[in-house]
Amino acid sequence: MASHDRFRVFGGSPLRGEVTISGAKNSVLKLMAASLLATGKTTITNVPDIADVDIMADLLTRLGCTVIRSQSQVSIDVPQTPGHRADYDLVRKMRASINVLGPLVARVGEAEVALPGGDAIGSRGLDFHIKGLEALGAKAHIEHGYVVAEAPHGLTGAVIDLDFPSVGATENIMTAAVLAKGVTTIDNAAREPDLVDLGEFLISMGANIQGLGSPTITITGVNELKPTTHATIPDRIITGTWAFAAAMTRGDITIHGARAEHLELPLEKLASAGAIVTTTADGIRVRMDVRPQAIDVATLPYPGFPTDLLPMVIALNSIADGHSLVTENVFESRFMFVNELSRLGAQISVDGHHASIEGVPELSGAPVEAHDIRAGAGLILAALVSDGESTIDQAFHVDRGYPNFAEQLQSLGAKVTRE
Ligand code: EPU
């Protein structure tokens, strides 16, 4: 995972062919963390081959688990008493590390988790996580760069009203409440499919959870959970990335294993840009023969337009016919990648959380740099529709979320190498 790795892209080829979607990063990492809730061996299938899974495996190993990865499966054997400290050197690499907090407090009665790192997309608070655990009776504070939480006598159910439907906070509260005494209600809960997958995983361990996928989740605590076997849901953001790639390059991609119902709004937006989107027996197909029409988009928590597809929609609008306005409502600094896109000739001005984009017929290849996973993918899509050669530095960001991206792009006819 060398930071000087880069993608080299020669633009101009339409992407045509078939891809198969692997398990969702933002689900599998949470499933792995939640396996801490039961002593014994939990097996997770449909695990993507991405760097973040290795980081979570290292973190769980350090907590005393035996983690075995084979092909698309990971088994996690959890000891009777796992450790309680998640160290900075691992946590800093990945935001999802914070997901061990809820399970550790519930299971071990204490947790020390370094403040997480992850992507450069803006400050990402933990106040909702901490307030939620406190409402369940834990004592929690931040000390020397760690979140320290204690509940030596166990947790007690509570009513928790989130100020914002934070995915991570809903997950940490849910994975703590499953072992709390009594009933917990989370109002204004996140509704993302990844969170529903985590809830179903917990139910298969013996948890009692109602209302998954709705804004109110009700959890009745149980004394003990048992290990389980569970298949990760397909990655909706990778699906969306291929869908945008097909439309932008005027190509034709059949995406096996994709769940169209997890991407209703992005697929509607692509259709209004001029793409032909159809469902197939096991996924979706996206085709495009004409220059895309510009589309206005505002990101919102699910079922709104996903913030993780913001770079893709800006990249598409950069070469679309017309002017568009794209608004980011979830993260404060997601537009940092616009400076990089401008190097390719995109005409974009940013004002606060709005980007105003004037489509140009073609971008022009240049060296650029990825600052986060999705920005990296968006820049690669832009490079595919640029004249000549582009390089995308800091390729490791893309590896965190997209398994074998260069090989998959090559199989669709893109001129891409990884060096
Ligand atoms: N927030 C707070 N306080 C909190 C928690 C969140 O202010 O205690 C704010 C954040 O600063 C942010 C907003 O609430 O502005 C949304 O954060 P949320 O907690 O919903 O996001 P997350 O759990 O940190 C996950 C995904 C992100 C994805 C978002 C939104 C993982 C590991 N990450 O982040 O995925 O963008 O939900 O859907 O699941 C990615 O995969 O590239 C990625 C960034």
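Every residue gets a Cβ built from N, Cα and C, even glycine.
TrEMBL annotations:
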- ASP119: active site, proton donor (ACT_SITE)
- LYS25, ASN26: phosphoenolpyruvate binding site (BINDING)
- ARG95, ASP308, VAL330: UDP-N-acetyl-alpha-D-glucosamine binding site (BINDING)
- 11-409: domain 'Enolpyruvate transferase' (DOMAIN)
May I ask which residues of the same chain, at least 6 positions away in sequence, place their Cβ under 8 angstroms from the Cβ of LYS25 (phosphoenolpyruvate binding site)? PRO48, ILE50, ASP52, VAL53, ASP235, ILE237, ARG400, GLY401
Restricting to the chain of VAL330 (UDP-N-acetyl-alpha-D-glucosamine binding site) and a gap of 6 or more, list residues whose Cβ falls under 8 Å of its Cβ, or answer none. THR299, LEU300, PRO301, THR307
Between ASN26 (phosphoenolpyruvate binding site) and ASP308 (UDP-N-acetyl-alpha-D-glucosamine binding site): CA-CA distance (Å): 11
Counting across all protein chains, other CB atoms within 10 angstroms of the CB of ARG95 (UDP-N-acetyl-alpha-D-glucosamine binding site) number 18
At its widest, how many Å does the recorded UDP-N-acetyl-alpha-D-glucosamine site span between Cα atoms of ARG95, ASP308, VAL330? 16
When you measure from the Cβ of ASP308 (UDP-N-acetyl-alpha-D-glucosamine binding site), how many other Cβ atoms are you left with inside 10 Å? 26
Averaging the per-residue pLDDT over the domain 'Enolpyruvate transferase' (11-409), what integer do you get? 95
Measuring Cα to Cα, how many Å separate ASN26 (phosphoenolpyruvate binding site) from ARG95 (UDP-N-acetyl-alpha-D-glucosamine binding site)? 10
